[in-house]
Every structure is written in structure tokens, then in C-alpha cells.
């Protein structure tokens, strides 16, 4: 009975309808996929494997899709409600949740990160040689030059994975670079409306039932993390040069969990985590996040659960922060054992400009590579002035050909894909498009390989063009394209779309952790679709330019591979700490980084600890390390019970009698939350431990940049390390006076705490905010 009550507690937190399976139904509804967390210690010895136990335990046959053994004990199954209700009552079931669909978070960047050929992290790590990066994505196009195994040594002997064959993918598609490949489709195929009831399975006209990539996203992220040097690379002439990943000699293990046009399902993602850990990967890169805009509790989030299982085995997991910025609290993948990566710009751009009939020139960007307009002026029209939303967004079949034929059309950004809007304009007879940002996107721009002459412009420029049209019945314009420009300033800038803090589950943990290049990134591409990904785009491209936190995440995955190669004994937490405490806060003008959405200085809610800087991460001086028991203590602190924690950790745990504080997790950032109900002076004390990974005998002194209106004190203010003393702890006390505390627009104030020895600056961001009591 206790187990059933616990399950009810779990199910109340889900965002899908599991509860109705307990009610009587007149006709049995269609089967759904459920993921069950099982207490593995309950398995009778008579059964040789968990699969045999699960298959034999229940009163009627169960269609088991995946069995999880490594990061998670349990199984996923396609079940009718009555079957699910029966299984839920079994005493060995710890938790159950319904399968959910997830979304993908969709050159020059290695140099921009501080990597140099002759010295530093590339040479110290031998370019990541023999480190294995597992990529959970849409698969891979193995023939690309980025995946050549030329001059690579033998496959690491610790590798236990396989090269799974299938549609257009044979064992020969793996090599000493792509050392393993698997695909996971059972959850996808069982999902109603996708592969399951009414879905018809994998659509082999647009997809490959194999590790081969029909979408392009997986090929792009894999080559960003670990692509080999590819000379004379470009996307239709844009961004020409030598393409290379962050860790060019690292090995790749491909886990295809996402399928063209239908996303990625939790049951398949969890199976991929399970396989990747068993196979022997060192790093997992997952540019996937929640598709509903809501962050589930960790025990209901298979990405968090799978990642915990990986990190607990020493595997570094990098995840994307989501593309729902610049709204606050939009960051996803919040578990503290994940390294969560937001997106910034690099110092390369693809400028275009709109020239109006009155002579004004308005700047934008474009990757259009077709026949130019050659300065010819065309009438310009804005369908949105009619007040019809679908027309303003240039949705399918929304444009009147009589209105747009022979004209340049303004389309508002949003709802449908940016490149698809151009095809709608083209179908209606338009000759070009101006893609205008709305207020939510601000001035943040990304380049797209449009099929018709197109220039993307910011919200201010879009409003100016619309005003020009409204006041001029003979309004006209043309679009000029200016190729590739290097050395753009300022850079980096926080991308407007990048997911922002605060952390919506546990504000005591600052998320995102850091940002990395994620705007206009050149990397390898599939031959299955053109660079726009549209069915009508028949162009072939070896490389493509994409933007998103999906592109930022593999930069950090590749960086982790380099650091793991240079420092094999570092834990995932130590690697993350090295990146965070050495991150950049300034752009290439040596000015504070700005927010693309507002043009104002960015904050730790936007960039976490800062922008990845691999020139310094190799030798961070001190690291904030974490072990499994630290994460367990954190879960106890946020009031998860032992059975709930076991859903995440696999093993039973006991929480201490005295409840820990979540803010005392040994994280490389400090977030102080004070109650709005507290009047007068309030204080909070934080406990941290640092490990010396630099010179044996070192002396560090503290430097404090207190947030405005806040007092910060640190004891001791000096840390002295020796051959015998490698770890030291300190207390940081943050004091606020409610009368003097004035929060900024994001509801917080920001500062930092740094330990300095004359060579290293080990910096931790400080965030101080107020929250209403529950």
C-alpha cells in the first residue's frame, strides 16, 4: 500500500494524464508508453536477468520496449490503461511516468574559444585523442570529411559498443573516428500519432531506420564537438575556411534518438543513456530539451535521470539550455549534475541590407546564395497591416497572390520556420522577403540559407520599414548581400534566444552554467535534405550554418573531451568547475558582455558564470568538486524522500536527521535567496570546498565584488595549500538590509567571489534575490 501511495504522489506531479487509468472506462483506450522505475533489489534470484523477471512477473503479457540496467533500473512498455493500472500496484514499482516527446534545440568557433595549434589545450590534450564522445541526436552522415579516421590510432580497447546496421548503414560506416553507432526507435514507433496507433511506424520515404541522419542536426552537433579538420569548407561560399570540431581527434559514438519530423521520446533517450554508459563513453552531448516549456521534477525527467546515472559513473554530460529566451526562467535541463549551456555569438557575421526607396539602408543578415537582386527596386508590402495574424506571419496559404506578386514581402518572425515563410512568399509570387523580428526577439538575428532573396532584420528596423510602407503608397526596396565578415565587434553577445535564469526548479543553483558559441555555426550536414531542411529544398551541402543552444552544447562537449584527455583523473564536476571559474565576462572590446535582446549589459541569469574560455580552463588553479553523495545530500535538501531519490540514484539512500541546505551543494556559483517577508537585516552563510589542481604549494587570497546593497564576508580570507593539504573549505556570509536592497529588472543583484594567487583567478558568480515565501 505504501508503494501505491508513493506512486500517487509521483503521478500528481506529471503533466500528462496518468491518473485516469484508475477510473472505470466503457471502452479500452489506445495503448500508451509508460516508463517504470523498478526496485532492482526485489528481483528474485530465480530469474537470470531483469528482462526475464519483468516478462514473467505480470498477470498478462506486456509489450516491453526497453529494459534499463545501467543508468536506471526498470523498463518501458506500451500498455493499455488496465495493464498500466495492474503494474502500478506491484510492490516493486517505485515510480511510473508517461513517455513524452522532446525537441531538438536547434569553422571559426574553436579559435574564438582560445584554442591554438601550437600550445595550450589542443596540444596538451593531443586534440582529445582517444576520449569518446557520445552524441544523443538524429544520427550521423558518416561519409563527411569531418568524420575521417585518417591517421587516427586504433579504437580504444575499453570501448564495448557496437556498430548497429540498418537502412543505408553498414558496419563499414563505422571506422576509427565513428567507433560506434546505435539507433533507438521503439518508443517512437509505439507513440500514438507518430509511430504507433495511427502513426504507421518509421516513414522510410523521409527517414532511415538506422543511425544514418535524415535530419542533419546530429551530423552538425557531432562535427561541432569532434569533427576532423576539413579544408576548403563553406556553406555556399559563406564562412569559407577550415572546418574543425573542438576536439578533432576525439572518437565519436552515435546514438540516434530523434527522428525527422517527430522529435525524440523519453523512453528512447533513456535507453540511449543506458547503452552509452555501458559502451564506455567519456562524454555525453545531448542538445535536447522539454517540449512543453515546463521543467519536470528530476525524478520525472528521464534526461535528468539518465544523466545522473552517467555522471555517477564518471561520464561528463553537456546539455543545451533551450531556445525560449530572452524570457526569464526559460532555461531547461536544470539538474545540478548536468552542465547546462546557453548560446552566444562569435566574431563572424553574414551581413545583408535593405535599401528603401527613400535611400535609407537598414542592416540585417542573410545566408542567401542564389541569384541576387542586383540593386533593382521592387514594390514592398506588409500583409500584416490587414490585422490577419496568419498573413503577418506568412503562414501556409495565408498570402493573397494579387497582393504580393512581383513584390518584396515583410513577414513577421514566429510560429512557422523562418525559411518556410520564404517558400510561402515564393509560392504566392513574391520576389523577396524581409524577415522582421518582433519585440520578443529584439535585435537578435540568425542567418538562414533562404531559397529566395531574404534579409532578416531586428525589431527596430522592421518597425521602420513598416512605418515607411504605411506612409508611402509607392514604397519600394531592394536587398544587398555582403558575404562573410570576420572580426565583428562586439562578440560574444548573449544570443536573444538563449534560455535564461533563474532556475525554475531550484533557484539556489544558478542555471545556465555558462555560454558557448551558438549563433551561425558552420559544421557538417547530411545529404538527405538541403540546408533549410525543407522538403522542397533539393540543394546538397557538405556543411551548413545553424544557430541554437543545440550548437553551443557540443562546443562544451568537445571542450570536456579536451580537458578529460589532458586531466584523466578529473571528475565531471571538476571539468565543469574549470570551465565555469575561468569563463570570460567581457567581449572583444574588453567591455562587459551585452544581451542581444536589449543591448544592455548581460547578467549571470543570461550567461551563468560567463563565456567558455579554453585558453584558461586547462589550468584553473582550484576546482569545486562533487561526488555522488553530494548530489544525494542536495536531493535530501530539496525534500525528496529516500524512495523518490532512489528513482534517480538506483541505490537506496538515507537522508540525515538534520536536513542539509540546497545552497550548500559545492557548486562553482552562489545564489542567495531571501524572503520578501523578511524585514531589516538578514544573513545567509554558504559552505564551499576547493581542491588545488595547480602548483602544489600555493596561497590564494579572496577578492569580493559585492552586489549593490549587499555585504559579503569570507572566512578564512586566505587559503594555503601544500603537498599534504590539497582541499580547503571556506564560509561566505551574505548579508542584506531590506531597506537598502534594490533589485534590477531581472529581480536580482549580482557580484562575484574570486580566489587569486597571482597566476589564477578562480571566480564564482554571486546572485542575490528575494522570493515570496510559499
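Positions of Cβ are set from backbone N, Cα and C atoms, glycine also.
No curator has checked TrEMBL annotations; they are predicted automatically.
Per TrEMBL, the feature signal peptide maps to 1-27.
As annotated by TrEMBL, domain 'Inhibitor I9' applies to 33-105.
Look at TrEMBL and you will find 128-608 tagged as domain 'Peptidase S8/S53'.
Of all Cβ atoms in the protein chains displayed, 30 besides its own lie within 10 Å of the Cβ of residue 137 (active site, charge relay system). What TrEMBL lists as active site, charge relay system is 137 (among others).
Cβ neighbour count for residue 217 (active site, charge relay system) (all protein chains, 10 Å cutoff from its Cβ): 27. Among the features that TrEMBL reports, active site, charge relay system is placed at 217 (among others).
Taken from TrEMBL, the feature domain 'PA' applies to 378-465. Across the range of the domain 'PA' (378-465), the DSSP-based residue counts are 29 helix, 18 strand, 41 coil.
If you look up TrEMBL, you'll see 550 (among others) marked as active site, charge relay system.
For 664-768, the entry in TrEMBL reads domain 'Subtilisin-like protease fibronectin type-III'.
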Please report the distance from the Cα of residue 137 (active site, charge relay system) to the Cα of residue 550 (active site, charge relay system), rounded to the nearest angstrom. 10
So how many of the residues in the domain 'Inhibitor I9' (33-105) end up helix, strand or coil by DSSP? 19 helix, 28 strand, 26 coil
Residue counts in helix (H, G, I), strand (E, B) and coil for the domain 'Subtilisin-like protease fibronectin type-III' (664-768), per DSSP? 1 helix, 64 strand, 40 coil
